[in-house]
Structures are given as structure tokens and as C-alpha cells.
Amino acid sequence: MAPQKHGGGGGGGSGPSAGSGGGGFGGSAAVAAATASGGKSGGGSCGGGGSYSASSSSSAAAAAGAAVLPVKKPKMEHVQADHELFLQAFEKPTQIYRFLRTRNLIAPIFLHRTLTYMSHRNSRTNIKRKTFKVDDMLSKVEKMKGEQESHSLSAHLQLTFTGFFHKNDKPSPNSENEQNSVTLEVLLVKVCHKKRKDVSCPIRQVPTGKKQVPLNPDLNQTKPGNFPSLAVSSNEFEPSNSHMVKSYSLLFRVTRPGRREFNGMINGETNENIDVNEELPARRKRNREDGEKTFVAQMTVFDKNRRLQLLDGEYEVAMQEMEECPISKKRATWETILDGKRLPPFETFSQGPTLQFTLRWTGETNDKSTAPIAKPLATRNSESLHQENKPGSVKPTQTIAVKESLTTDLQTRKEKDTPNENRQKLRIFYQFLYNNNTRQQTEARDDLHCPWCTLNCRKLYSLLKHLKLCHSRFIFNYVYHPKGARIDVSINECYDGSYAGNPQDIHRQPGFAFSRNGPVKRTPITHILVCRPKRTKASMSEFLESEDGEVEQQRTYSSGHNRLYFHSDTCLPLRPQEMEVDSEDEKDPEWLREKTITQIEEFSDVNEGEKEVMKLWNLHVMKHGFIADNQMNHACMLFVENYGQKIIKKNLCRNFMLHLVSMHDFNLISIMSIDKAVTKLREMQQKLEKGESASPANEEITEEQNGTANGFSEINSKEKALETDSVSGVSKQSKKQKL
């Protein structure tokens, strides 16, 4: 059932071609079949808006003829080519969303339970927020850390052996004397770090125990409590005294006694107290000649990165004979060779000898498991929410395999977490449209999982909202169905697929922009919300197809964080950490101040007094950042306030006066500014004579001028009492009168 496309002209129109109006299908057919000019114009209007008006009788006849003529069926090649285009159009977005689904499972960008339309997925309440204190966070973390350390120290590895299975062995005619158990020895192999003097990595083998394991037992008749078990203490996994252990492995060694019959007896020793290391080579050779076989297998517990490899569960290990697969210190590879032919893994377990056991990490012998259970990636049949522990629920004490616990867990979760209103399952149909034609319709689905990311939305409204917001490469239209809902899926031609990530990452290494290692700082922006409308109630009408046929575009609410700025001097991208500091702001660091003073000291065509004024003035301009002509009047007054005392103490008043006159010659300051600066300087000088400080100096005096300022006249030791001015040679008393 194809979707009905409504035209924008308000109906199918009138005339003979009214039945084909209302969409683009009838219009294109009318254009192809019409011969007269009136028919062409009528067909065009029909295809565009759905309205039609015959201008002459010839156009009506042409339109009627078009309706009578048989429509040619498209060739099979065109149909197949069109179908290939349909598959290609939907293939790329589907692959993208499948990839994002896997990445979001590993490192999610956001949590679905925090969304407003997914509030039913959030099972937590905010009751604890009333009593929450920031100071309690540290104590909670310390408590959790202490529990983990004590937990890891008390935990030990418990192995329960189900049996040793060797399917190739045929039962002996002497079944009464046939031995029905084998000797299993478990050793903990410690591969230590290689020291400088060592040629290879030192390997230590620590025996953990021997057990008699049943041979080819019938699991239906054997009780679980009768299986032999072995415990490995957690102290064995601590670093040794002489070497730092790199990895830990379990070595299983199964010894099967021989079958050589002599007076009704079977050769082979079953004593558990025999130490393997004390066995003599001659004795081993004799035992092998008698028919004794040894099978070995090795499994890694902790790898070189201290990652746990053996989790709780049931294991079946393929064993290999000692002669065929000698254990060496070289790097091991997984191989399965029988009669010169490589076998698939499942055939190995069906033909070769295997050892079955159950592994648990426990604090005590009857304690629950402490090691984390490996959870597979979520599928469309798995729930995303964690199961809440209810008072009536009883947990089994025995260890369950991962594959068994997964299926039973899902059933209990579905029964507990599914609300009553969703007990009645909805049938969801997905109909894929391409070029306004129905190309494919899926089978009915009884769940509300997203087909692209397998998210369980639980509600039809939440599913449609999720599809619309998270998979915007498609257009989803909701169509009511008596048994549920039909969702029309089409390609969003107006989708903006431009890069929306951090613009700084584009200028880094190739591929860095599309990687995600964690939260990063973005450019700070500010938006003013003038009006925040009230959130509308959830309604299914927002997912219906719009009447005008326009595609609803997702408006970008925030775009300032994607802007990219550049340094004007280096043309490098401005990082978000540098946004708070203006790169154009000319600060005066210490090295720049020293460089400025050094350059002024190198001048040879100015006297010492002018150099001192130039130093003070340049440092003053650099510090406050004066760059415009209209700032010079204020700069002069501020210079007098900050450096007036230095000018007076260093006898630089006449030099400063010449500097002001020079600035006036270049039209930088006015005469009024000169008068104000001189008046301010005179007041400061009068206060200094009275012993009062005019204003505190902002900078300390770096150099004391004991000699003359300009170098014209020399001051003798006899004339120091007069303190003559360096330029005019007038004494202080006459200088006061002039000022």
C-alpha cells in the first residue's frame, strides 16, 4: 500500500486528468502524452500543483487520448537499475548508523535515560539530592577503594572440574577393571620480566594441587556437589620477591594411565602425593612405553597489562598430547593439526580430548562471585536498563555460565520492566520509499526497538522521536494502522552532512577530527534566550506527513561553539584555551621591557636626560596600550601622575617639557594639555619640598642619577650643595622662581 501524496494545489483539479492530479505521477504522464500546446500546459500545471483548466477543445481531446493510450511497461533492466539505486541510497546511511551504534555502546556521547521523551527509561529518583553534600563524595570514594582492595585480597580462584572427555577411546572389554578417572595436575605459570643478565624471560611453575577427574562422565546422573574442586589463593597472583611477574597462566596436565593388562591389573599410578618434578626421566620413558599418555593445555589468567582474561563461567579446554605439542618458552600460537589436516574449532572439541570445568572468583568457598562477568554487546532482544533488585526476587547461589544467564536474565527483565500498558504488543511496519514509490516493506515487528541502533524505546512516541532526532538522514512519517503503526522511511535530501565537530580538530593530524578520546573544551559562547515557550505535550500528530509537502528542517540552536578564529601574526587556529586571552593585546612582559631599554641605551645622538624620558615614556605606552592620537592627552596626564616624582628627583623637568612640545608640534596634544601637565608637576614639586608625598610611585627607581642629566656641565664635589640644573645651569632657588 503506497503512501498518498497530497498536492499543494488543493485537490486533484478538474478535467479529464483530474484523476492523476494531486501529485507528481499524473503530471509527468500528462506531459509525456500530450501533443497540443494546451495539453502541455495543462499537464505541467497538473504535475506541479494538482490544478488543471482546459484552455481549448484540442487540449481536452489530447488529454483524453493520453488516458486511453496504453502505458508501456518499463524494461527489466531499468527496474533492476532503479532497484540498485534504491539499495545504494539506503545503504550508506544504514552503514553510518550501524557504526555509530557500535561506537556509542563503547563510549556513549549521551545517556538516553536523560532525554525528556525517554524519561520512562530512568528508574532512579532524586530523593537523595536533598541530603547530598559535596564533602561526602571523598569519603564515599575512599570507602569504595578500601572495599575493592580488601575484596581483591580475599578473593581466590575456585575451579570445579566436571570431567575429562576423550571421545576417541573405545570402552575396554574388561569394563569392570577399566579405570574411570584421570589424574589432573594444575600448575600456576608465572612469566617474569627479563633482567639484563637473563637470556629469556624467567618462568616459574607453582604446583597448586592434584585431583582425580572423572573420565567421560554422564552429566545427567552425576550430582553437581560430587565434582572435584581446587582453589588457588590470591596470594599466588602477587609479585614474587626476586622477579616482577609479567603474566599468570594456568597449566592443566592430565595423565591417563596405560591400558596394558597383566593378570587382570592395569598399569598406572593413582597416588595423589606424587610430585611431578621428582619423576625420573627413565621412569617417564618407561611409563610412555607402557601406554601412559599426558595431555596439556594452558590458559592465561592475567596478561602483561594486568587485565583479567578468565571470567566467571563454564569452560571447555581442548587438550593436546605432550609429545605432539611440547611446551617451550617461545611464543605460542594456536594450532589444531590432525592427520596433516587443519580442522575447524568445533571439530576439535568433538574429536580431541577436552577438559570441562567451572571457574569462579570467590571470597569464600560458598561466597558469590566477585569478578565481573563479560557482557556481550546489546542486541535488539536485550534490554538497556539494569534490573532492579526486588525483595521477592531470589538469586541462585551456584555459578551460571554467561550464555545461560544471559537468556534467563532477559526473560526476567522483560517481565519486570515492561509496564502494564505495553503488554499489548504493537505491530510496527517499516515501508521504504524511493522516488515517491514503495520499494520495500518489512515484516511486522512486535517490539519497539530501533532497527538501526537496536535501542529499546518501549513506547511508540519515544521510538518515533528517537528516529526523527537521532537518524535525521532519513525522513520518518507515521501512518496509523489498525494493528499498530506504519512508518514510511525515505531519504532526507536536505540533510546537512557537513562537519559539525570541533573545528580545531580539522587542522590537526588526519583522522583526529573523527576520533573521540573524551570530553574536550569548546569555544565559550553566550546566547540570550528571549522567550522559552512551554513544552508541548507529546502527540502523534507531529510525526504525520505535512500537508504542504515541505521537509521539516532541524534548526541549529547553538552554533557559536563551531566558530574558528586565527592568530593575526601566526595565522594559526586559536584554541579554546586561548579564547580568554586577546592575542592582539600588547602586554609588556619583562623581556620586552628589557629589550626596549637596551635599544634606547644604544642611541648615540641623544643625551642621557632624553634617554631617561624616552625609557619612561615607552614603557608607559606599552603598559597601557595607547595606540590612537586622541589618547595622548590622557596619556600625558597619567604619565605625570605615575612618574612625576621620578622626573623631579632625576631633574628631568626640562627634558619632559621638550617632549611635550615635540608632541604638540606633531598635533598629538594641545596647549591646554601641556599647561595641565606642567601645573600638576609644579604641585608635586611643592609637596615634595614640604616633605609630603604627592602620590605613591608605581615603579621603583632602578638607577640613581648622581651626575648630570645632559652631560653639558660637570658637577664638582664642591658644587653639589647647589644642585644646579643640567641644562640651564641655574640653581634650585632661581629655578623655583622661574617655575
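Yeah, the Cβs are placed from backbone N, Cα and C, and that goes for glycine too.
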Between K73, K92, K375, which does Swiss-Prot record as SUMO cross-link?
K73
Residue carrying SUMO2 cross-link as stated in Swiss-Prot, selected out of K75, K140, K329:
K75
Where does Swiss-Prot put SUMO2 cross-link, among K390, K395?
K390
Would you count the other CB atoms within 10 A of the CB of S541 (phosphoserine), including those on all shown protein chains?
6
According to DSSP, which of helix, strand or coil covers S541 (phosphoserine)?
helix
Can you count the other CB atoms that lie within 10 A of the CB of K75 (SUMO cross-link)?
9
Distance [Cα-Cα, Å, rounded] between S541 (phosphoserine) and K75 (SUMO cross-link):
40
